[in-house]
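Colleague: One structure, as structure tokens, below. Some questions next.
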Amino acid sequence: MKSPAPAHMWNLVLFLPSLLAVLPTTTAEKNGIDIYSLTVDSRVSSRFAHTVVTSRVVNRADAVQEATFQVELPRKAFITNFSMIIDGVTYPGVVKEKAEAQKQYSAAVGRGESAGIVKTTGRQTEKFEVSVNVAPGSKITFELIYQELLQRRLGMYELLLKVRPQQLVKHLQMDIYIFEPQGISILETESTFMTPELANALTTSQNKTKAHIRFKPTLSQQQKSQSEQDTVLNGDFIVRYDVNRSDSGGSIQIEEGYFVHHFAPENLPTMSKNVIFVIDKSGSMSGKKIQQTREALVKILKDLSPQDQFNLIEFSGEANQWKQSLVQATEENLNKAVNYASRIRAHGGTNINNAVLLAVELLDRSNQAELLPSKSVSLIILLTDGDPTVGETNPTIIQNNVREAINGQYSLFCLGFGFDVNYPFLEKMALDNGGLARRIYEDSDSALQLQDFYHEVANPLLSSVAFEYPSDAVEEVTRYKFQHHFKGSEMVVAGKLQDQGPDVLLAKVSGQMHMQNITFQTEASVAQQEKEFKSPKYIFHNFMERLWALLTIQQQLEQRISASGAELEALEAQVLNLSLKYNFVTPLTHMVVTKPEGQEQFQVAEKPVEVGDGMQRLPLAAQAHPFRPPVRGSKLMTVLKGSRSQIPRLGDAVRASRQYIPPGFPGPPGPPGFPAPPGPPGFPAPPGPPLASGSDFSLQPSYERMLSLPSVAAQYPADPHLVVTEKSKESTIPEESPNPDHPQVPTITLPLPGSSVDQLCVDILHSEKPMKLFVDPSQGLEVTGKYENTGFSWLEVTIQKPHLQVHATPERLVVTRGRKNTEYKWKKTLFSVLPGLKMTMNMMGLLQLSGPDKVTIGLLSLDDPQRGLMLLLNDTQHFSNNVKGELGQFYRDIVWEPPVEPDNTKRTVKVQGVDYLATRELKLSYQEGFPGAEISCWTVEI
């Protein structure tokens, strides 16, 4: 047989909680493997996502080439089908019981074949990989199908695609169809690779219950330039949405004899919390970890409600409490707690047992003394980065101690910081005690991850929630009791309708809320609901049954973590039966992929599970070097076909050091820190529907469907009195070149609509405190910043509708949408379409916020941290007459006096009763980005 040419890999990675697709490949001209068609079809119905990825490749080389197909999945997504079509012959993947598949796997390994499918994990992801040799001129079609129930987090559902084909693809198309009978309340898209040309390939259509998003770029739109054959498709494509909700008992949807019940009441008062933060300050937390923990804890403390009670416990070898009992979240107590948290230093061992038991003891004492408010929610939030090393170190004994101490009274949430944390230990301890575990990835955004987790549990609305259905109507119902419901999340119950059940399904949801018990009721007509799901365009039929099966499997796998003996055996038998019946790859099943004769005959896909060292377990023949989870937007590691050598796993030595960094991976990047801005006074309720509903459903460009923003009423203090001095020749503003005649860069250039002057430039001489630069209640806009020496050390833009905040430093951008924080790096392309607002960033580092009838705000990073940031403005004619602020005042009825003779380079400008001296000068303007342009403007100083 002819030997294959050097291995070539093309990757397709998809992730959906999200839906993520990464498509790295090399060009056909260099390697012969050409992707001539790539399609992604994702259909979301009732939060259940069914994704089909189809890729067609051809070998245009004169020799055999190897193509490798990779798919990266979220942990909670299940592969349900995979096939390869080679020369008209279909080679399917077959789901089998784990033991049966293992026999074929072992036999293949015995023949010297690399039968395992290589998997590594990123942030909550798993990788699926299949390789196959492709003869010259031959074509091959790969098709992968996987399914997932999207979870609502911080008020939104999210689908994410990473697109990186690394070559031009003749037919590239992504279609996302969403059907939500409740009605789509908000729809957003975001991309990190979109150019103005590619934006024309994106279309979005939406009516009351349906949305269709299509991305279909031509070859020319994919090109970096006319002279280059490289593609610009290299980044993320994200869709976020939410649905309409009523104050009733939720929404019941029925299809083909199965039902799903979604319940997420929003307009309820928040229950008071009793929360204890248990913070690991052992030696392994030193450096960046403890710095980010302090930063996050300070911001979390400031988010506590006055009705909450709290305390802090820091632990290393010993556990120390901040106060002897829980204290009210008054301004005075919060300031003291912030001061205490800011001084936490890392040293010593890790005594998890004593720390958590001390937290339980504090709650018990307050409970016995009747100091905890009636119908309040008690939470313990544990943050640690490793195994227990001091005191009780046996994980099982610690879990038993904690479970017995809590005894169902409180909820424990465990946050595992870093790659080597014993996550299964924390997960079991949390699930045993009515909470959940979350891994915090060690990266530049770790503090944001901590804040986002807290925001998920910050607003409890209900506790002791129970769903109830008539016994003659339903059977085989999934979990129907929940300890808590938090604002921004959703409870989901699914089940099967009985054959001779009633025509109307009744449901009752009961729970405890602030100061009282409450019961919700809802009903659904079986016939009417069945009719809703007859549309063939948006629905993959029989999806409700698969939704029920998937949710049942996920919940039983979660129960399996805490089960033992006969209960464990029964759960595993149920999971196995459902997995085989519905063709799901789960921890108890494998998918066996066969190949053409003459190649490796078998590859086996299995669902990875976390083991005691926190790493994902891989097939023995497929273990690879440790994988450092990528930051969103960074390029995933490429694993070549020839690199499947077995590398020892990280073991006890790694965990003992607790500061180990795998060879070849630098420590997490990031600035040494950035000034913390003052928090905003608060945010309004979530915005309403972003797009007009109607009967028309034609495809229209996304940017054409943005709506203007309504007025936002607000009260702001009067403008401060500003003192103007004549411009000094020893200006502290740096020059662009050593040439003293070169134009200087002003702090900000203010385009004045309809003004007879050229332009107005404003230099800020000194600012000890953050400045309110613009406050425009009618625009729903506020811009604040801190000016230091030669530039802004930080700038913050707050927009009321849609609710958005951008906090910028020279090192990074943090965008807060609702309660979710997302980090972006400068000079990474960004294109985000929100209701009534567009947010874009180009490769030069110019971020712009724009919208119909809105002032365009630009933020520009000047590369040099000492020079800071620049604030740019356009479309200033949209400022209202109510605009205020240090710079906003220049847009309110200013009066220019005639220039002063004899050289006409000085004049007076009157602003709000104050005279300013303006000097005519040449300046370097970055209004249009780099490299800047020389302008003549009248300069004033404040």
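Using N, Cα and C of the backbone, Cβ positions are placed for all residues, glycine too.
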Colleague: Can you sort out which of Cys414, Cys937 is the disulfide partner Swiss-Prot gives for Cys761?
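Modeller: Between Cys761 and the options Cys414, Cys937, Swiss-Prot records the bond with Cys937.
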Colleague: Quickly, which of Asn244, Asn577 does Swiss-Prot have down as N-linked glycosylation site? Just give the residue.
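Modeller: In Swiss-Prot, Asn577 carries the N-linked glycosylation site label; others show none in the record.
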Colleague: Check each of the ranges 167-201, 517-551, 552-586, 832-866 against Swiss-Prot and return the one annotated as coiled coil.
Modeller: 552-586
Colleague: For which of Asn207, Asn874 does Swiss-Prot record the feature N-linked glycosylation site?
Modeller: Asn874
Colleague: Report, in whole Å, the straight Cα-to-Cα distance of Cys761 (disulfide bond) from Asn517 (N-linked glycosylation site).
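Modeller: For Asn517 (N-linked glycosylation site) versus Cys761 (disulfide bond), the Cα atoms are 61 Å apart.
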Colleague: Please report the Cα separation of Asn577 (N-linked glycosylation site) and Cys937 (disulfide bond) in Å, rounded to an integer.
Modeller: 76
Colleague: Neighbour count first, Cβ atoms within 10 Å, every protein chain included; then name which of Asn81, Asn517, Asn577, Asn874 tops the list of glycosylation sites.
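Modeller: That would be Asn81, with the highest Cβ count within 10 Å.
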Colleague: Hey, of the disulfide-bonded residues listed (Cys761, Cys937), which one tops the CB count within 10 A?
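Modeller: Most Cβ neighbours within 10 Å: Cys761.
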Colleague: Please classify the secondary structure at Asn874 (N-linked glycosylation site) using three-state DSSP.
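Modeller: Note: Asn874 (N-linked glycosylation site) is in a strand by DSSP.
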Colleague: At the level of the C-alpha atoms, what whole-angstrom distance separates Cys761 (disulfide bond) and Asn874 (N-linked glycosylation site)?
Modeller: 14
Colleague: Measure from the CA atom of Asn874 (N-linked glycosylation site) to the CA atom of Cys937 (disulfide bond) and give the result in Å, rounded to a whole number.
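Modeller: Rounded to a whole number, the Cα-Cα distance is 16 Å.
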Colleague: Taking every residue in the coiled coil (552-586), what is their average pLDDT?
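Modeller: Mean pLDDT, the coiled coil (552-586): 94.
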